[in-house]
Amino acid sequence: MAENHEVYDVTIIGGGPIGLFAAFYCGMRELKTKVIEFLPRLGGKVSMFFPEKIIRDIGGIPGIAGEQLITQLKEQAATFKPDIVLNQRVTGFERLEDGTIVLESSEGEKHYTRTVILAVGMGTLEVNELDSADASRYSGKNLHYKVEKLDAFRDKHVVISGGGDTAVDWANELEPIAASVTVLHRREEFGGLESSVAKMKRSSVRVLAPYRLKHLNGTGERIESVTICQTESGLSEVIKLDELVINHGFKIDLGPMKDWGLEIEEGRIKADRHMRTNLPGVFVAGDAAHYESKLRLIAGGFTEGPTAVNSAKAYLDPQADQMAMYSTHHKKLVTQ
């Protein structure tokens with residue numbers, strides 16, 4: 001029984017953009033809410049990898065830096081004062097006889113809740129580090145796996161290895177301020193948005209594809225140049241650089257959640273149009289969710305979060321209204 005413990009109406013696992021907006025909407029539905037985040041700060045992948053990237057796929061916002069978006073989402077989420085728990089990875093899931101769900105963290109702390117919203121993105125993210133014996137020597141010096149501050153690359157000769165959307169975006173962001181930007185990709189086709197790839201190819205960015213990194217050349221703790229190899233001909237070339245950025249993708253893992261009995265499809269958590277999973281009282285929103293015609297944009301997640309909250313409210317109180325009143329009429333908001 002959970003009668004001797006504080007029980008929340010909703011516990012949101014994940015403090016990224018979707019989890020934060022869902023926390024705000026929980027307040028709109030007058031639900032006692034807790035947010036549990038694995039990282040030491042809120043913001044998820046946006047704060048971790050794209051703090052200065054300009055996000056342009058949210059209606060009404062022509063462009064906003066990732067960290068500014070997170071700042072505004074945190075301010076919005078704080079409106080109804082949800083409890084925030086950082087630095088805890090949820091590993092255990094148990095349902096008590098009275099229906100209360102017990103979430104246990106890897107630190108052994110237990111969280112009691114009536115419903116759960118999974119806003120975990122693609123799970124825990126770890127970068128694929130460079131497969132080179134010398135990589136660890138240079139990591140944190142001038143070998144980078146993410147671009148935290150664009151200005152740190154100002155007037156520098158930068159080489160980026162990678163061909164996904166993140167690598168392309170970094171190239172476009174750095175091109176106006178760096179002395180030079182060179183992008184290496186092992187395939188001729190790039191994985192970024194067509195418009196972003198076209199912008200990169202029109203710019204001063206030197207695009208070398210198909211090429212791969214062959215060797216890091218340096219003394220002490222800094223890389224001075226890289227040897228690259230044309231994948232078809234095998235011809236090598238040496239490029240001098242100031243900074244090397246690696247974006248070879250991520251290791252993505254739902255971790256212990258895979259053992260909770262959730263239905264997994266294509267590496268994500270299967271949901272219906274109400275964001276319900278196959279487990280009663282457990283809902284999902286954002287990149288973690290999989291359903292037909294899923295829109296993989298932050299804007300899409302901003303719809304899924306409130307949908308999951310409304311479903312949680314209906315689960316707790318079948319007689320409740322289907323959705324919250326509009327924010328323009330909410331007494332707490334209009335009096336601020």
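Glycine residues also receive a Cβ, built from the backbone N, Cα and C atoms like all the rest.
Listed in Swiss-Prot:
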BINDING   Glu37, Lys45, Phe50, Val90, Leu125, Asp287, Thr328  FAD binding site
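All protein chains shown were included, and the count of other CB atoms within 10 Å of the CB of Phe50 (FAD binding site) stands at 24.
Listed in sequence order, the residues of the same chain lying 6 or more apart from Asp287 (FAD binding site) and placing their CB within less than 8 Å of its CB are Ile18, Gly121, Met122, Arg268, Arg296, Gly301. Look at Asp287 (FAD binding site): DSSP puts it in a helix. Around the Cβ of Lys45 (FAD binding site), the number of neighbouring Cβ atoms within 10 Å comes to 17. According to DSSP, Glu37 (FAD binding site) sits in a coil region rather than a helix or strand. Counting every protein chain shown, the Cβ of Glu37 (FAD binding site) has 25 other Cβ atoms within 10 Å.
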